[in-house]
Amino acid sequence: MYLHLLKSKIHNAIVTSGDLEYEGSITIDSELLDLAGMIPNEKVLVVNNNNGERFETYIIKGDHGSREIQLNGAAARCALPGDEIIIMTFAVMEEAEARNYKPMVLIVDRHNNPKSRHLVGEQSEPLSN
């Protein structure tokens, strides 16, 4: 049996901008992608902590160090600049692997600076800006 598990997440990111005219996606600072273990074109589930909305899209790599979290296309209607969101990726794995798998969690501050990261169930690793 195959299970869908949380692979990684960027927790409490702040939307910096939106572009309704873009063809779709979420643009994320490449440094944040690397720290969270996410890659361009990966499918994401996004939760808006301000209004409860959930939506799926895919990742576009943003400039390293830009702290950009931009919603593009229709996704720009799901959250406004300043809204707090959680960005999650998932993986499909067999039950035996899933039992020991630990997702990566990247915590960011109100300016999308990386604060800490940890594998679920393990101690947090502080990150300097």
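Numbering starts at 1 and runs along the chain as displayed.
Each Cβ is built from the backbone N, Cα and C atoms, and glycine gets one as well.
Within T27, T57, the residue that Swiss-Prot lists together with G73, A74, A75 for binding substrate is T57. Here the binding-site residues are A74, A75, and the one whose Cβ sees the fewest other Cβ atoms within 10 Å is A74. Other Cβ atoms within 10 Å of the Cβ of Y58 (active site, proton donor) number 14 in total over all chains.
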